[in-house]
Structures are given as C-alpha cells and as structure tokens.
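Copied from TrEMBL, the annotated features are:
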- 12-40: transmembrane segment (TRANSMEM)
- 52-73: transmembrane segment (TRANSMEM)
- 80-98: transmembrane segment (TRANSMEM)
- 104-125: transmembrane segment (TRANSMEM)
- 137-157: transmembrane segment (TRANSMEM)
- 169-188: transmembrane segment (TRANSMEM)
- 303-319: transmembrane segment (TRANSMEM)
- 339-358: transmembrane segment (TRANSMEM)
- 370-390: transmembrane segment (TRANSMEM)
- 396-417: transmembrane segment (TRANSMEM)
- 429-448: transmembrane segment (TRANSMEM)
- 460-484: transmembrane segment (TRANSMEM)
C-alpha cells in the first residue's frame, strides 16, 4: 500500500480541528479530575492514597497501553478507533455516575476512560502525521493544546456542574458531552492510497514467494484432473457410440488415477504446510529477538538510559499537583471566597502556553533541546519544594502557573528523544519512554496520597516529589555533559529501525 504525498493543508486542517476537539473532549475530565477527587473523598470516605488511584489510572493507563493502542490504529485505522473510543470515554464517564464504591471507579473511570483516551491520542496523532509533513510540528503542536485547553475549561465546568446537579449529574453531563467525539471521529477521513491491490487477492498473496511451493503443486494437480476429464469427454464424443462397458472401464481408470494423485498431493501438502508454518514461526521469532536486541542497544546509550529514569521520576513527581492542588488549598485552610480561578485551570492554561513557547524555542538552531529539557526538570523540582511554604491562594496560583508552564516540556520531549537515539530509532525509543511515563503517572498521586495518610500533611509528600524530579534532572545532566556528542554520533551509526507500525488506509 502506497499512500499519497501528505497535502500539508486542505482536508488536513479539518483533521487538525477535529483532533483538537477530540483531545479537548476526552482529556478534559481526566486531567481536571482534581475537582472530582474532592467529591470522591467526601462521598466514599476512603484514604487519599486509595482515592488518588482513580485519577492516576485514568491518566496513566493510556500511556501504559500505548503499544496496544498503536496496534489497534495500525489494524483498523484512525476513524473506526476514534469512534469506538468515543463510546468508551462517554460510557465510562456515565457509568462512573452510578459507582457504589471506589473500586467500581477504578474500572469505569480509571481503566475504561483511560484506555479510551489512549486510543484517541494515538488515533489523532497518527492521522495528523499522515496529512502533514513540512508543517507536521505546527499541526501536532496545535492538537496537543486541546488537552491543555480542556483542563482549563473542564476544571471550572465540573465545579459548576457539581454545584448545580451534584457529582452524579456532573458525570452524566460530561459523559454526554464526550459523545461529540463520535462526530469528530467520523470526519477523520483516511488519506487515500495511490495504489490498491485487486479485490480478488487474499491475505495469503502477501506471503513471500518462497512459501508458495505447495500452492503451485496444488494448481498442477487440479490441471491434471481437468486434462484427464477433458480427454475422456473428447474420446467419448469421437466414438459417438453408447458403449457402456468401455465407459465404465474408462471411468474407473480415471477415478483411480485421480484418487492416487489426490492422496499423494494431500501428503505433500501436509508436509509443505508444516514446513511453511515452521519457517513463518521461525521468522516471527527472529523478529522478536531482533526487537529485544534493539532495545538492549538503546539502553547501552547512557543518555537514553538516563532519559528513561528522568521521565519516570518526572511523572512520579509532577503529576500529583494537577490532581491534588485543590485539596492542598483546602488543607491549607484557604477561604473559598479568595478563589478567583480554580488552581487546576491555571495549570491547564499555562501548560498550553508552555507547550507553544518551549516548542518554539526548540526550533532555534542555537538552542540545545537536551539542556533546555534538563533546565525545565530542575526548575520543576524547585517549584515542587516551594509548595509546602505556600499558605495563600496567590502563592499557590503562582506556583500552579509555573508548574503548568514547565509541564509544557512535553512538546520538546520528542526532540530530545530524536537527538538522543536518532530519527531511525525514534518510534522504538519513544514507545518505551511513554510506557515508563505512564507508569510514573499511575504511581505518583497514590504515593503522595499515602504520604498524607501517614503524616496528615502534604509537606513531606511534595518534598518527595521535588526530590524525584531533581534526581532525574541531575542524572540526565550528568549523563549528557561529558558524552552528549559521543552519544549522538553513536546513535547515528545504529542499524535502522524496522519496528514502526503502518496505519490502515481505509476505515
């Protein structure tokens, strides 16, 4: 299958708009789950650590399942995956309104909604990359702000809906809004292919020629049978006389020769099919071995190994504020009348600003994206250490804005990965790093919640978060300073990666 050249415009801008709204609708509630977190604490009376699992699963499960999401989009295409995932997100949110306990929310909100968001993220990024080449960075930057804008709006929206209709009504309305993902997904028209195979070909035709031995022999047997039958009919017509004895003898001879040939052919086909299966299994096994060999080669790169530790520690430390900042303000006895804007909304809008600003800086030739990324990590660690000292709404709002802006370093993370392993290894390396990012997202809020349950305050919890982020930043800086050039030169010599997925061309 050969795809058309990316148009870098045209219907591609429609794809950008619908992908923006798709991420807005699917990630709005999970990213602004801190508002719901307070209500779940009061409704179920569970500990903060146990309750925090709901939001952490919703945001981490999509990254953890990124290989499965990629395979689904590769097999079925972006449009059907987006439509199916829209039902998952909407259904999970509506089911959560009937949750009798916190464990039900682990399934309905954490896993169902989280997996739907992961599928939608993969679908939107994939379809956008197919429509854009030269303007791909701009297009991806625009759709990635959809989640940040969703966080900004949904934080205030969910609080207002809770005041008007209660927690259950809020989840039902938000779930109904998510059904608009179906309309967005229906507009994700796949890029047409410039060549399509004949309809009569089957999947077997895609197997390499060396595995077609038994197919050719089977065809030869069928031709022999047809020749025998044709000869028999011609001879009968030539004689033009009803000799039943001769007809019976000739018919027996033909049938016996056919039966003998069929038995021999059947035995040969069994042997050849067995050999075919063995060769195919051996080939697939070799591909898996090569995949893990490539993975081990990646981890021999010191910068990549440090980057994997840094992204894990960063997500453990930086995700809890977006989930727990509202509870931090309540624990600090800040008067609700002082609230001019939800703290989570401030994080969301500043994350969008950070993505655009840091992404623009990364395009300058004089900016080293690795050092820029390390700088954001170190500044994030310092900001987390300052949270326990914030005792007013103004200081918490300032820290929320700083953390949101620095969290926008997600926009330069692909640049850093490319610089570290090379463009040939980007798909392989990025999938591994996203898995550990999802692991950090899943573990961070429960760990902070357990610290609060243990000490009845957030001070030690955020000291721990800041320490994790600073540790990851210093490890990455230590690995980058002495051998940055050596590692980048070494990565360019690595064998090319062949483990990228192909997206289906039609839905």
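Just so it is clear, glycine is given a Cβ too, placed from its N, Cα and C backbone atoms.
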Sequence-distant contacts of the transmembrane segment (460-484), meaning Cβ under 8 Å and at least 6 residues beyond its ends, amount to 302-303, 305-307, 309-314, 316-318, 320-321, 370-371, 373-374, 377-378, 380-385, 387-388, 444, 447-449, 451-452
Tell me, please, if the transmembrane segment (396-417) and the transmembrane segment (339-358) are in contact, taking contact as 3+ Cβ pairs under 8 Å between residues separated by 6 or more positions? yes
Contact set of the transmembrane segment (339-358) with the rest of its chain, CB cutoff 8 A exclusive, min separation 6+ beyond the ends, reads 31-32, 34-35, 141, 144-145, 148-153, 155-156, 159, 321-322, 325-326, 329, 372, 376, 393, 396-397, 400-412
Original post:
Counting only pairs at least 6 apart in sequence, do the transmembrane segment (429-448) and the transmembrane segment (303-319) share 3+ Cβ pairs under 8 Å?
Top reply: yes
Given the transmembrane segment (137-157), its same-chain partners at Cβ distance under 8 Å and 6+ residues beyond its ends are 12, 16, 19-29, 31-32, 34-35, 124-125, 128-129, 131, 174, 322, 341-342, 344-345, 347-349, 351-352, 355-356, 359, 363, 408, 410-411
Quick tally over 12-40, 80-98, 104-125, 303-319, 370-390 of CB pairs under 8 Å to the transmembrane segment (169-188) gives the top stretch as 80-98
Within the same chain, the residues 6 or more beyond the ends of the transmembrane segment (12-40) and with Cβ under 8 Å of it are 6, 46, 51-52, 54-55, 58-59, 82, 85-86, 89, 93, 102, 105, 109, 113-114, 116-117, 120-121, 123-125, 127-128, 131-132, 139, 142-147, 149-151, 153-155, 157-159, 162, 167, 170-171, 174, 177-178, 180-181, 184-185, 187-189, 322-327, 330, 342, 344-345, 348
